[in-house]
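Marked as Mn(2+) 1 binding site by Swiss-Prot on the basis of sequence analysis: Asp14, Asp328, His329. According to Swiss-Prot, the feature Mn(2+) 2 binding site maps to Asp287, His292, His340, an assignment based on sequence analysis.
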Amino acid sequence: MPDKFKRVHVIVMDSVGIGEAPDAAKFGDFDVDTFGHIAKHVGGLKMPEMGKLGLSNIREIEGIEKAEKPLAYYTKMQEASNGKDTMTGHWEIMGLYIDTPFRVFPDGFPDDLINQIEAKTGRKVIGNKPASGTEIMAELGEEHVKTGALIVYTSADSVLQIAAHEDVVPLEELYEICEFCREITLDDPYMLGRIIARPFVGEPGAFVRTPNRHDYALKPFKPTVMDALKDGGKDVIAIGKISDIFDGEGVTESIRTKSNMDGMDQFIDVLDKDFNGMSFLNLVDFDALFGHRRDPQGYADALVDFDGRLVEVMEKLTDDDLLIITADHGNDPTYTGTDHTREFVPLLVYSPRFKNGGSELELRQTFADLGATVADNFDVKMPEYGKSFLKDLK
């Protein structure tokens with residue numbers, strides 16, 4: 001590939017794994033396959049655009065034809081880090097290796113942490129267990145409205161979430177509480193990946209979350225490829241929750257989104273901008289609305305909707321653009337429980353410059369190969385981990 005690309009666009013389909021990783025059993029996962037099991041559940045997925053790129057060339061997905069001449073280079077990536085959460089996946093994509101997993105609290109948080117929150121805020125804590133946000137809001141929302149107590153809960157991820165009605169706990173107060181929780185959980189014994197403010201509105205029986213969610217992540221422990229790009233004078237446009245995942249590090253512009261389709265709208269708007277660097281989009285609905293809630297039909301519909309938007313994306317790309325579509329972990333909605341699943345993730349790499357289409361790339365042993373390729377393209381500092389496949393794109 002003689003000329004470098006002016007713009008690289010990375011789309012992370014949050015949780016869209018493509019089959020069980022070799023070490024899945026170590027993570028308690030057996031026979032997991034997000035893409036495959038969704039397709040089977042609905043009797044085949046209709047995703048012609050992803051099909052043309054070469055999705056079923058990676059491995060066959062029911063309903064999606066294998067492309068005779070795939071438009072994209074294709075393979076799958078294996079996660080090297082010791083985790084299967086959003087932060088671990090994204091940080092590895094951008095060149096980090098996470099050896100010590102973020103802590104999870106399947107039985108709720110220790111009394112010491114809860115006592116600190118109550119002492120600081122003057123509010124009681126209710127909940128303190130793993131739960132779906134919508135379910136715990138329905139279960140404890142009325143008590144919260146009556147008493148002003150904070151609904152604190154966790155999930156299978158390394159996360160502490162605080163739900164509060166906007167008329168009971170004003171947004172600024174909720175954000176301040178979450179900032180305090182962030183400060184006291186940065187290190188052992190808690191070492192939480194994220195604190196999330198989960199505001200809601202409405203009446204008992206009809207509570208609904210607002211778009212004013214805010215994530216407080218850990219800062220990456222080392223510079224990522226995003227930092228290298230920013231330091232090298234390149235643009236890093238973070239769309240969706242990307243800026244939250246990296247706690248703003250290495251980001252030159254952040255664009256919030258309200259849904260997958262809003263994310264695609266924002267991304268398509270970014271394609272109209274003249275910039276030199278990377279756009280980085282996370283589509284969280286796959287994970288948050290359908291994976292954790294074990295809703296394979298909803299997940300399938302969201303995949304089909306995403307595929308439909310790729311037509312607009314492809315129309316806007318030029319020979320100066322490189323599009324990379326991948327995921328950060330699995331979340332098989334047909335599997336037991338509500339946790340993420342340890343899986344390979346798809347990798348599709350496309351540019352209109354590939355006049356003869358794409359072909360199979362070698363299996364990537366770490367997500368960091370993606371970040372290394374981006375760094376290689378822009379001639380910035382290479383990450384410690386990862387092997388660029390830029391030279392394989394012809």
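Any Cβ shown, glycine's included, is placed from N, Cα and C.
Location within the structure of each feature annotated in Swiss-Prot.
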residue: Asp14; record: Mn(2+) 1 binding site; DSSP (3 states): coil
residue: Asp287; record: Mn(2+) 2 binding site; DSSP (3 states): helix
residue: His292; record: Mn(2+) 2 binding site; DSSP (3 states): coil
residue: Asp328; record: Mn(2+) 1 binding site; DSSP (3 states): coil
residue: His340; record: Mn(2+) 2 binding site; DSSP (3 states): coil
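Around His340 (Mn(2+) 2 binding site), the same-chain residues at least 6 positions away in sequence with a Cβ under 8 Å from its Cβ are Ser15, Lys84, Asp85, Ala156, Asp157, Asp287, Gly291, His329, Gly330, Asn331. Note on His329 (Mn(2+) 1 binding site): other Cβ atoms within 10 Å of its Cβ, all shown chains, come to 30. Figure note: comparing Cβ neighbours within 10 Å for the binding-site residues Asp14, Asp287, the maximum is reached by Asp287. Between the binding-site residues His292, Asp328, Asp328 has the most other Cβ atoms inside 10 Å of its own Cβ, all protein chains included.
Cβ atoms within 8 Å of the centroid of the Cβ atoms of Asp14, Asp328, His329 (the Mn(2+) 1 site) belong to the same-chain residues Val12, Met13, Ser15, Val16, Gly17, Asp85, Thr86, Gly89, His90, Asp287, Ala327, Gly330, Asn331, His340, Val345, site residues excluded. Of the chain residues outside the Mn(2+) 2 site list Asp287, His292, His340, Asp14, Ser15, Thr86, Ala156, Asp157, Ala288, Gly291, His329, Asn331, Thr338, Asp339 have their Cβ within 8 Å of the site's Cβ mean position. Each residue contributes its Cα atom, and for His292 (Mn(2+) 2 binding site) and Asp14 (Mn(2+) 1 binding site) these two points are 11 Å apart.
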